[in-house]
């Protein structure tokens with residue numbers, strides 16, 4: 001049974017009978033994990049192994065693990081800095097910032113791969129305009145060139161540990177204050193204005209070989225009346241056509257307020273898939289997930305299957321024991337441990 005176009009979450013730290021039933025559904029292609037799904041490294045490794053054993057080919061296991069305030073697993077994992085801290089280093093020492101971004105990506109991916117996670121939804125390619133309530137220090141910088149350089153370095157670090165990268169939130173979520181988790185953000189700029197700044201990191205990262213992309217639940221009314229994640233203009237004309245992106249497009253969570261306009265969960269998924277998404281995420285709403293699996297009719301095309309396969313983590317990652325004996329890994333952890341730590345604080349390694 002090939003992978004389906006839906007990514008779901010699960011209830012807790014181990015699979016329930018209901019989880020297993022849902023994850024075996026042919027529409028499902030992956031699982032996204034949250035903090036509630038983690039209690040220890042041993043538990044996480046058992047959980048990811050159990051998820052992978054459910055299906056052939058194995059389901060994809062994903063997580064939001066960017067660094068800073070968006071790091072789902074903390075205990076026994078290296079503390080990863082907010083990406084804005086790398087941007088601050090860039091202002092004084094660009095070469096050092098690029099190196100540290102690579103090391104952060106390597107540590108992030110090496111630890112997750114050792115625990116059985118296939119990929120993280122990172123890096124954030126949004127610009128740090130200083131006004132978005134949801135992006136803030138998750139962004140690298142205000143300068144799109146700096147974002148592209150640092151994101152490229154982080155992606156190379158991910159790749160060195162066997163992990164693909166997912167850029168977000170196309171075509172840019174940093175300009176508006178509203179948080180699409182709770183309301184529908186509207187960005188009134190023209191396409192020319194967005195292209196001049198916000199699109200630059202996305203365009204450059206596509207050129208660098210970015211494997212995955214997540215569009216924003218944001219409306220850009222001077223371009224299209226629909227949010228980017230539901231817009232054929234943004235996904236097919238701009239992202240696929242003008243920018244030449246050939247990787248996997250993941251919707252943002254369809255349970256967010258920014259997706260509510262599209263109707264019930266099935267209608268939201270249908271509209272996102274028709275617009276050009278390869279996979280849709282539905283999180284933190286078990287009843288909606290049941291409805292989606294019961295009523296959605298969608299066959300993932302062959303090209304979509306290929307795109308999903310590219311998201312799978314490289315086989316046979318280093319074990320945690322082997323990682324901690326690896327001088328390159330130990331050195332990388334030491335280098336990033338103090339990033340963003342203020343006077344009087346202790347680094348959490």
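Any Cβ shown, glycine's included, is placed from N, Cα and C.
Here Swiss-Prot flags 181 as active site, proton donor/acceptor. Look at Swiss-Prot and you will find 252 tagged as active site, nucleophile, backed by sequence analysis. Residues or ranges marked as substrate binding site by Swiss-Prot on the basis of sequence analysis: 64, 72, 138, 168, 169. Here Swiss-Prot flags 179 as site 'Important for catalytic activity', drawing on sequence analysis.
Ranked by Cβ neighbours within 10 A across all protein chains shown, the recorded positions 64, 179, 252 are led by 252. In this structure, the binding-site residues under consideration are 72, 138, 169, and the one with the smallest number of other Cβ atoms within 10 Å of its Cβ is 72.
Among the listed recorded positions, namely 168, 181, the Cβ with the most fellow Cβ atoms inside 10 Å is that of 168. Note on proximity: among 179, 181, 252, the recorded positions of the record, the Cα nearest residue 64 (substrate binding site) is that of 252. Considering only the residues assigned to substrate binding, 64, 72, 138, 168, 169, the longest pairwise Cα distance works out to 19 Å. Residue 168 (substrate binding site) falls within a strand when secondary structure is assigned with DSSP.
Comparing residue 179 (site 'Important for catalytic activity') with residue 169 (substrate binding site), their Cα atoms are 12 Å apart once rounded. Under the DSSP three-state reduction, residue 138 (substrate binding site) is assigned to helix.
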